[in-house]
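What TrEMBL says about this protein:
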type: ACT_SITE; residues: S158; note: active site, nucleophile
type: ACT_SITE; residues: D333; note: active site, charge relay system
type: ACT_SITE; residues: H363; note: active site, charge relay system
type: DOMAIN; residues: 65-368; note: domain 'AB hydrolase-1'
Amino acid sequence: MAPEEEEQQEVARVSSARGNSVCQAVQRQQLQCQVHRVETADGYRMSLHRIPAPQNRRCPQQLRPFLLMHGLLGSAGDYVSGGRGRSLALELHARCFDVWLANARGTTHSRGHRTLQTSDARFWQFSWHEIGIYDLPAIVNYVLARTNRRQLHYVGHSQGTTVLLVLLSQRPEYNARFANAALMAPVAFLQHLSSPPLRLLASDSSMATLLLNKLGLHELLPATALTQVGGQFFCTASRPTYALCTLFTSLYVGFSDYPLDRSILPRILETTPAGISRGQLQHFGQLINSGKFQQYDYHSPRLNTLRYGRTTPPSYQLANVRLQLQIFHGSRDALSSLADVQRLVRELRNSATQMYQVPGYNHIDFLFASSAPQMVFQRIIQQAWQLDMALAAL
């Protein structure tokens, strides 16, 4: 067994999808849904959802699987909650692909660990760096082993793009395991972020940290019955508070030219928020303040030296990323600005990048806008088909 397969420590079994909110959304479309279990090298146990490829003659056998990774506060549910004709995972399935949906550590469906409970503060001692160097390679190894493939297609949204860049910067040997990648609303450099709440939070990060310490909070915005019922109660289209829900959302992610379908917000809130660690939020805050795409800063020369061998955290080496990339940016995105995305494209000098600016899109329109299948998904599907058919012709 190869070393990377050993460190993945995969649990090769499929568990019941009964009572699982992601699978319920898939099964409402009369589709099969599986839940797989994967364990990382550092002991976190994650759920991985799968929508197997259709079993019919019109679907070629040469198509490589897709892996979809969610963003901050999200989960696999992000890619299915819109329903048929609106959700990327379901569109990929309709075009004959085997679709795998990741759930990062600490989210609703990935709250297990070999030795730690979620009530233990040590469980939450991670940022998105660990998701990139532990979760993502374990998931990739698992999917390739289960499908008997050498490569897969990847789609990331927001933090889902960040963790791919972390993995390939730190472990460039993983470039060979991706056929290509689509980065929707990519997040690496955040110098020009315009979201007022996030800018405010980053401006006084030390006070926020002190408050979290005082409150003893290590997990933020977990999925609970109260948040799900409360969100659906206040954000149902018929409620007078619906406008407040959309205003609050827009302040964070940008004011879109494509208002959300009034029926979809309650469905989104069935699976969002899915929970994060405070380290994830703090690490993004550091990117805002530093203007760099760098590893976690412990704000201590001694601790940084112990971790990195230097007093300041190192930047991620984006020159190590060597992939065919589709990069999608929304002109109304309050988190991922045009200037920061253009800087990312320049730093990805060893990748073949195609950048698409989608007029009027905010940060989450790539997941939920009714126009996303035509404006975004079709490009992703078309490139994957072309690559797979070209490979089959060799």
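Here the Cβ of each residue, glycine as well, is placed from N, Cα and C on the backbone.
Annotated features, which come from TrEMBL, shown on the structure.
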residue: S158; record: active site, nucleophile; Cβ within 10 Å: 27
residue: D333; record: active site, charge relay system; Cβ within 10 Å: 30
residue: H363; record: active site, charge relay system; Cβ within 10 Å: 25
Tell me, roughly as an integer, the mean pLDDT over the domain 'AB hydrolase-1' (65-368). 92
Taking the Cα atoms as reference points, how far is S158 (active site, nucleophile) from H363 (active site, charge relay system) in Å? 8
Cα of H363 (active site, charge relay system) to Cα of D333 (active site, charge relay system): how many Å, rounded? 5
